């Protein structure tokens, strides 16, 4: 891939034959991605120079190495920032964990009180580094700020260097076994066949349209689209002009039992003047008609709008809006009142500040409620439950959209499919779900994770993974993957080690050659032992009805808070014992009077709220909300660092990160290994017992009495004398097994053929004739 890129650049610049010959030469990874020299800070003369505290990955080079206060070691490479706690310090004895943060996960770096460097991460972690001088603190602040600037060229991301060096060096066995490429897996046709969608027959209700081949119609949609067979490509092109970003309604899933379908799109461009499109109206009507039988009455297409009604109407000022009931008589519109990306971003920043606060706050849960993070999680699960109930119980087709169709829409659609279809709860099915709904349908991973515009950043995918985590908490045996799988996936969404989540769409990934020039995260997660759920039961193919009340939501501690301390804290701050923490007005209570559709555990029915009683969350947050707020809540030294047993501080050899310690999964894996060991021991014991019995019977047939005394190997005295007989006894065992497997055995039944007859025939050389 590197040689091909060199060929294109050189041929574009000159085009001469000599240039072409020169470009065919092999380009080494060290020439494409050279490693930088190590620069070490000057330390006190009484201390030894620091050493790199980790084993670098392929293509990783440590650029800066220094010391902080309390004899800590700081290392900055082109992949990560590492803070090593002193082995002899009190922190190490208390079980504090080293900080190991990929640069792609760092969102913001701040200096507090001259000597403290605060690192805020995109997965809600917060790390604090303490320095002895302000000059040293300022120097490391500049280094980190330069390191986290997003590269202008996507090929400068570390994932490309990691792939080039790993392929060239063929570093170790772990790399070759656990890493691979995304490739050209044609999951689309496999899903068409699995969902029993007929597209080849003459009377098919659906067809595969290639109107978007080479991304000509919509750059954020996949190449192939599943649409009703009555809709032509020309109708799709005209209808796409009426939808935001040309994200036309297409089918993504079908219920194999009742035939109801699930579709997705973006908002219609109605505007203040109330524009309409006949082609778009025909398309929605065809979607509703394609999933119903002629003998039954026509069903309405339920349009799930992720926004609130006031927000949908307000979008008409920007050229958007929602479906007008008078234009779409065959549709029923329901509004889910979900928060927009600006409200979710503010809520996540408040959650991150709270997770960095001391763990022994007496009003910690009150502050957690004020962040409204769990409220947003509950709202998403409410919407997914509504979609699942509409398809499963009401047997009606569903169309989901928000504003642009690439944030809240994939959240709702993928959650509903996860609840309805057990295939998506397997490791391979979850990969297909993320690939289709998030990657191929154009979720803007680059803009949401590390874009230049702070107002476009939002942890949408992390929020969706949090919803999956809450579903797993209620159904721990329904998923083939474990919670470690979700934590690893959340970290590598922005870690820049794999190329799976780079760029904003499939068109950009194809244009930059990411599929062949970087490794895929899916093969790594599938090959990881810690990512498998040992409680998984494949027999559970039922629908997951999730209890989505706020009281049933759980904070994702493994990702946001980290593991617990090794031992109890015996001291407590007197201020925290006698009073609550004053947050300086950073976390303000936000009260909501509206309740969307709710599933109640105590009753199988649904409770619907009135639309006019719902207060929009979109109106509470301005687009220019403080995304880089410098008022981070900095905790005391005994509460901000992460905790972990130092014996578990072993980095993964593939991604260089710490594995998640899951005691339950580790114990289940241990029990599974013990069970297999006992099973193997029983099989061996049974084999030895059968062998001894056959030998005794054969000796009796030859007139040799077997003694009752057996040695430690279970062999009689006659067996020790007659070595030739023992060798022939092995033939007896194989012959008897062959007779037991035979459909027409000699004698009375499978076990009716006497052993001594077999013995005598073998000794007489008549085995072939007898068998």
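Glycine is treated like the rest: Cβ placed from N, Cα and C.
Caution: TrEMBL annotation is automatic and unverified by curators.
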- Can you say which of 570-592, 593-615, 616-638, 639-661 is given as region 'Disordered' in TrEMBL? 616-638
- Report the largest Cα to Cα distance, in Å and rounded to a whole number, among the residues 340, 341, 402, 403, 404, 405, 406, 407, 408 that the record lists as binding substrate. 12
- For the domain 'Myotubularin phosphatase' (182-560), what's the model's average pLDDT? 93
- Task: Enumerate the residues of the same chain, 340, 341, 402, 403, 404, 405, 406, 407, 408 excluded, that satisfy the criterion Cβ within 8 A of the mean position of the Cβ atoms of the recorded substrate site; list them in sequence order.
- Result: 306, 409
- For residue 402 (substrate binding site), the nonlocal same-chain Cβ neighbours (under 8 Å, six or more residues apart) come out as 266, 267, 305, 306, 307, 338, 408, 409
- Item | Residues that sit under 8 angstroms from residue 404 (substrate binding site) by C-beta distance, when 6+ apart in the chain | 244, 245, 247, 266, 267
- CB neighbours within 10 A of residue 408 (substrate binding site), counting all protein chains shown, number 29
